[in-house]
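According to TrEMBL, the Mn(2+) binding site annotation covers Cys155, His157, Glu191, His215, His418. Annotation comment: TrEMBL describes 235-333 as domain 'Peptidase M20 dimerisation'. If you look up TrEMBL, you'll see 1-20 marked as signal peptide.
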Amino acid sequence: MDKWVVRSSIFLLFIAMSLAFRFSLNPEGKHFDSLLTCQNNNNNNISSSSYLKERIVELANDPHTVDWMKKIRRQIHENPELAFEEFETSKLIRQQLDQMGIAYRWPVARTGVVATLGSGSSPFVALRADMDALPIQEMVEWEHKSKVDGKMHACGHDAHAAMLLGAARILKQLQDTLQGTVVLIFQPAEEQGQGGKDMIAEGVLDNVDAIFGLHTVHRYPTGVVASRPGEFLAGCGSFKAKIIGKGGHAAIPHDSIDPILAASTAVISLQNIVSREIDPLDSQVVSVAMIHGGTAFNVIPDSATVEGTFRAFSKKSFNALRERIKEVIEGQAAVHRCTCEVNFTGTEHPIIPPTVNDARIYEHVRRVSIDIVGEGNVELAPVFMGSEDFAFYLDKVPGSFLFLGMRNEKVGSIYHPHSPYYTIDEDVFPIGASIYAVVAHSYLSNSTRKLNSYD
């Protein structure tokens with residue numbers, strides 16, 4: 001009897017331990033079947049995501065798609081149009097969208113085009129490309145040289161538009177797999193610093209959860225991409241100061257109030273802002289580039305004007321620098337008995353805020369870039385003093401901006417933007433189109449999975 005009791009006790013203890021062990025692996029309210037299903041779903045999601053990335057890269061590198069992107073880019077390049085004059089460029093983009101059966105809204109900000117793909121419901125992710133040219137005479141001798149005197153695509157906007165159309169073509173073929181909506185923004189007037197602002201004013205970011213943009217650069221070799229989280233490109237502003245004195249004969253300066261002297265001391269004092277008032281680790285720039293005053297060598301003029309630019313990487317520094325410029329010019333004018341008018345809101349050169357990448361979207365883009373070009377070809381970029389009106393979008397929604405390297409000595413793509421010799425290595429087109437498409441597709445998939453996990 002005692003042996004039977006002992007054996008029974010041991011058996012019951014074993015059962016209890018087994019149940020306790022199983023319960024520790026299976027929280028209350030869950031079933032093992034559901035855990036296995038969840039694990040299988042995760043594996044399926046990873047497998048599906050990898051397949052779609054590979055499929056997008058395959059479609060981007062299809063010879064017909066590559067040739068088509070080159071053809072589009074070359075058509076745009078031959079017929080460059082300046083800010084808010086991109087009528088034929090816009091028409092060409094709309095024709096391509098019509099042929100693909102992609103819906104769009106036009107005109108937006110006069111010449112812009114905004115297309116949509118996918119479910120028409122949230123989440124929404126936007127992809128942006130600019131499309132305006134520059135008032136530069138092209139000096140590159142090639143088959144598709146600019147046909148318009150004094151105008152040239154010398155900043156890669158023709159390539160950006162072609163690559164975004166390439167992404168549109170790819171995503172259209174995968175439309176049934178889009179778990180949300182992709183917004184394609186073809187923007188005018190980036191070079192004027194006004195296009196992005198005007199597009200936003202007309203609602204292009206309505207419902208948009210995230211945005212991505214890129215720019216071809218000669219700094220990195222073809223196939224290398226670079227970006228950074230947080231502050232990336234500087235904010236850019238311009239100033240124009242009119243210093244008003246009292247004109248008179250240069251032989252009797254005591255009867256005049258000399259605005260030339262006031263302007264000269266203002267220029268010197270402005271240089272002291274960065275060299276003596278700014279932390280050397282907080283990069284900022286103040287440059288005076290234009291001075292106008294007087295019409296004769298022996299006449300003191302009534303007024304003189306001073307114009308220049310200022311740049312900084314944080315909004316706080318940018319705004320503080322702007323205020324200090326105003327104080328210095330007004331102070332020097334007053335010291336020399338002059339008055340002045342300082343203007344920061346010129347229509348030709350509007351203020352552009354710093355380009356600040358959202359850390360989360362930056363990381364998403366970085367991982368996508370690694371999948372496409374390999375980890376060794378994805379670099380952490382330094383901050384740049386250049387500016388981009390993509391910053392206006394980043395002021396409104398989280399997003400990230402990327403540099404797409406295209407330096408290739410063999411094809412001559414070694415010149416900086418705005419050079420009359422600026423050349424594009426068209427081998428970057430499949431890379432750019434792939435990054436555009438995968439960033440959007442995977443963002444929607446990841447966002448949908450997160451939303452479902454909260455249900």
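Quick reminder: no glycine exception, Cβ is built from N, Cα and C everywhere.
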Additional residues around Mn(2+), ordered along the sequence, whose Cβ is within 8 Å of the centroid of Cys155, His157, Glu191, His215, His418: Asp130, Asp132, Leu134, His153, Ala154, Gly156, Glu190, Pro417
Mean pLDDT across the domain 'Peptidase M20 dimerisation' (235-333) comes out at 95
CB contacts under 8 angstroms to His418 (Mn(2+) binding site), restricted to the same chain and 6+ apart in sequence, sorted by sequence, are Leu134, Ile136, Ala154, Cys155
Let me spell it out: for each of the binding-site residues (His157, His215), count the other Cβ atoms within 10 Å of that residue's Cβ, using every protein chain shown. Which one has the most? His157
Reported in the order helix, strand, coil, what are the DSSP residue counts of the domain 'Peptidase M20 dimerisation' (235-333)? 41 helix, 36 strand, 22 coil
Near Cys155 (Mn(2+) binding site), how many other Cβ atoms are within 10 Å of its Cβ? 22
